[in-house]
Amino acid sequence: MTYSTSINITPDSQANTAVLLGLLSVFAFSLTLPFSKIAVQILTGLEVGLLRSLIGGVMAMIILLIKHCALPNRQQIIRLYLGSLGIIYGFPIFSSLAMKTVPVSHGAIVLAILPLSTAMFGVRLSKKVMPLAFWIWSIVGALLVIGYVVMTKDLQSLVLGDIYLALAVILAGFGYAQSGQLSQSMPGWQVICWMLVLNFPIILGLSLAFVDFSHINMMKASHIGALLFLASVSGLFGFFSWNKALAMGGIATISQLQLLQTFLTYGVAVLFMGEQWNWLSLIICLLVVATVYQTQKTARQVS
């Protein structure tokens, strides 16, 4: 059974709605790294990743109870757990760990290949055959990011920071693609809510085992606000519009909007967090976005 994402609307209006929903989500997600950077001033990266999902799980549970939502079926539950590997565990934890060792502006550039990761997993799940140009541009984009990382970081920082970012990109792309597929058979907001609720017992156990609660007592208003943003917006409500956009507009097509996320995050880091910018970073950023745009352009040809 396929869940209907719209009622009595034309293909053009559906596409426009998908783009607007996607843009709203991208703006929200672009603040994830900056707020993670604030949160890890007191908490460890693992603590940030676990606590944001723990808090988000409580909110999701309340929403599902208020809405009297029926349990997902067995097949949906399996896919919800699969998507959780990226959305509940992978990206929240690894991106927070990365913010301990790399600047937000640096993370923004590495995460520029996230739309590529999302599109590639989306293609895999939909079993579409992509043109050779898609794979060529994909490789070029990946090589640009790898080259940038090698040129700007020493080996120790590379291992500690950029490997975390690479894992975050891979797992987030997988999770986004799974969410987009799931949102064809159930409302997008339920997808993220059920992911958080189904994983809540696991997250709670991990939090009790690995969170040093003395760190929480040291948190100031800015740290608490950052964690609440990550839990409510980056980890929950942002996915309400994002999952619906993926379902309405197509995974490979809507993931292109994540190109804007790189510029938004980079801009926040420079303008509001006092991080330094340089021409190399800006040029690499533009080149990576251009290559990802080309992959999305070829992906849309077979969407």
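Every residue gets a Cβ built from N, Cα and C, even glycine.
Here TrEMBL flags 17-143, 160-293 as domain 'EamA'. The feature transmembrane segment is assigned by TrEMBL to 20-43, 49-66, 78-98, 104-125, 132-151, 157-177, 189-211, 223-242, 254-273, 279-295.
Of the two recorded stretches, the transmembrane segment (157-177) does not lie close to the transmembrane segment (20-43), with fewer than three CB pairs under 8 Å once pairs fewer than 6 apart in sequence are set aside. The transmembrane segment (132-151) shares the most Cβ pairs under 8 Å with 279-295, out of the stretches 104-125, 189-211, 279-295.
In the predicted model, residues of the domain 'EamA' (17-143) average a pLDDT of 91. Counting residues of the domain 'EamA' (17-143) by DSSP class, helix then strand then coil, yields 104 helix, 0 strand, 23 coil. For the transmembrane segment (78-98), the partner stretch with the most Cβ pairs below 8 Å, chosen from 49-66, 189-211, 254-273, 279-295, is 189-211. By the count of Cβ pairs under 8 Å, the stretch nearest in packing to the transmembrane segment (104-125) among 20-43, 49-66, 189-211, 223-242, 254-273 is 254-273.
Highlighted: of the candidate stretches 20-43, 49-66, 189-211, 254-273, 279-295, 20-43 has the greatest count of Cβ pairs under 8 Å to the transmembrane segment (223-242). Listed as Cβ neighbours of the transmembrane segment (49-66) (distance under 8 Å, sequence separation of 6 or more from its ends, same chain) are residues 43, 88-89, 92-97, 189-190, 192-194, 196-197, 199-200, 203-204, 206-207, 210-211, 227-228, 230-232, 234-236. In this chain, the transmembrane segment (254-273) touches the transmembrane segment (20-43); three or more CB pairs sit within less than 8 A of each other, excluding pairs fewer than 6 residues apart. Below 8 angstroms of C-beta separation, residues 46-47, 50-51, 53-54, 56-61, 63-64, 69, 72, 76-77, 80-81, 83-84, 87-89, 179, 182-183, 235-236, 239-240, 243-244 of the same chain, each at least six residues beyond the ends of the transmembrane segment (189-211), sit close to that stretch.
Taken residue by residue, the domain 'EamA' (160-293) breaks down under DSSP into 116 helix, 0 strand, 18 coil. Tertiary neighbourhood of the transmembrane segment (254-273): same-chain residues 18-19, 22-23, 26-27, 29-34, 37, 103-105, 107-109, 111-112, 114-115, 118-119, 122, 176, 180, 245-246, 248, 281, 285, 288-289, 292-293, 296, 300, selected by CB-CB distance under 8 Å and a gap of 6+ residues from either end.
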